[in-house]
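Asker: One structure follows; several queries about it will come next.
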């Protein structure tokens with residue numbers, strides 16, 4: 001009975017994990033696809049190349065390593081499909097290459113925004129995006145090649161260990177973790193710390209007096225008006241929101257995976273499925289964090305949605321009033337007699353009908 005209860009509990013946990021993983025997979029595909037369409041249809045968007053690159057990396061991961069995690073994760077993982085030696089090596093290479101491409105792409109996007117905010121008038125201080133992304137993919141390819149130097153897949157009775165955590169990199173796992181997670185984390189932390197300091201300094205700066213403004217009087221009311229409010233807020237609170245969300249999301253998604261890479265392979269294999277899918281949730285969080293939270297992206301998305309959705313037909317077209325039509329309408333109403341013919345005042349007989357009531361004649 002106890003064995004049956006434990007089996008049912010493990011089956012329920014596996015089913016719940018499978019549903020959550022499928023939701024993460026669908027959110028990554030739909031969110032990154034929609035954001036990529038917005039980036040391609042909006043030519044004047046800032047950081048468009050870095051944002052589009054991040055969407056492409058997330059889509060590649062959602063189309064390759066996430067389905068492998070659904071189907072071929074080892075017990076107590078989500079799937080039960082066993083991979084052969086060649087697909088196992090391909091899965092290792094994709095995981096070891098796409099994860100650093102994602103983290104380094106996020107760091108490159110943060111550095112680009114830092115240079116755009118801190119040095120907006122110095123375009124020479126910003127390297128070309130193509131060169132930066134080429135360096136990102138070169139580093140990701142080298143880190144992916146380290147997986148090919150790891151131990152070969154185990155024979156069929158033993159688990160294949162096709163992931164990075166379960167011994168796919170062999171002795172290169174600490175080096176891979178430092179270059180794939182520690183270096184992008186330091187770059188991202190430095191970039192967003194600089195953005196926060198600049199925004200807080202701008203928030204603490206007193207506003208400039210407007211031109212033509214009168215000097216403040218020395219009355220009691222003017223003295224009371226310059227007192228601080230009863231509940232002072234921390235300056236730069238809005239400025240701290242975006243850096244805190246970016247750094248917090250990076251740490252929450254990638255820190256467990258990086259720590260598991262530094263642990264022994266036997267201990268890392270036990271927590272492989274939850275740690276891996278926590279890291280994969282970053283692919284679904286990027287479109288909302290770097291897309292919908294940005295005002296230009298929201299405006300472009302709303303504009304494209306209004307163009308795509310059909311407009312409902314109007315029931316009645318509003319009547320447009322122009323100035324000549326309005327004057328003609330008012331004259332027509334003034335000419336129609338409001339009183340009856342018997343009640344209308346009689347005109348004096350000695351006044352001619354066509355007499356002009358000018359000022360000299362009246363005088």
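Note that Cβ sites are derived from N, Cα and C of the backbone, with glycine treated the same way.
TrEMBL labels come from automatic prediction, so no person has curated them.
Copying in the features that TrEMBL gives for the protein in this structure:
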DOMAIN    31-290  domain 'G-protein coupled receptors family 1 profile'
REGION    334-363  region 'Disordered'
TRANSMEM  12-38  transmembrane segment
TRANSMEM  50-73  transmembrane segment
TRANSMEM  93-111  transmembrane segment
TRANSMEM  131-149  transmembrane segment
TRANSMEM  175-199  transmembrane segment
Asker: Over the domain 'G-protein coupled receptors family 1 profile' (31-290), what does the predicted model average in pLDDT?
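Answerer: Mean pLDDT for the domain 'G-protein coupled receptors family 1 profile' (31-290): 79.
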Asker: Could you pull out which residues elsewhere in the chain have a CB under 8 Å from any CB of the transmembrane segment (50-73), counting only those six or more residues past its ends?
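Answerer: Distal contacts: 18, 21-22, 24-25, 28-29, 32-33, 35-36, 39-40, 79, 81-83, 91, 94-95, 98-99, 101-102, 105-106, 108-109, 112, 129, 132-133, 136, 160, 162-163, 272-273, 276-277, 280, 283, 286-287, 290-291.
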Asker: Please give the sequence-distant neighbours of the transmembrane segment (93-111): residues at least 6 beyond its ends with Cβ less than 8 Å from one of its Cβ atoms.
Answerer: 47, 50-51, 53-54, 57-58, 60-61, 64-65, 68, 132-133, 136-137, 139-141, 143-148, 163-164, 168-169, 176, 179-181, 183-185, 187-188, 191-192, 246, 250, 254, 257, 279, 282-283, 286, 290
Asker: Any residues 6+ beyond the ends of the transmembrane segment (12-38) with a Cβ under 8 Å from its own?
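Answerer: Cβ under 8 Å, 6 or more out: 45, 51-52, 55-56, 58-59, 61-63, 66-67, 69-70, 76, 78, 273-274, 277, 280-281, 283-284, 286-288, 290-291, 297, 300-301, 304.
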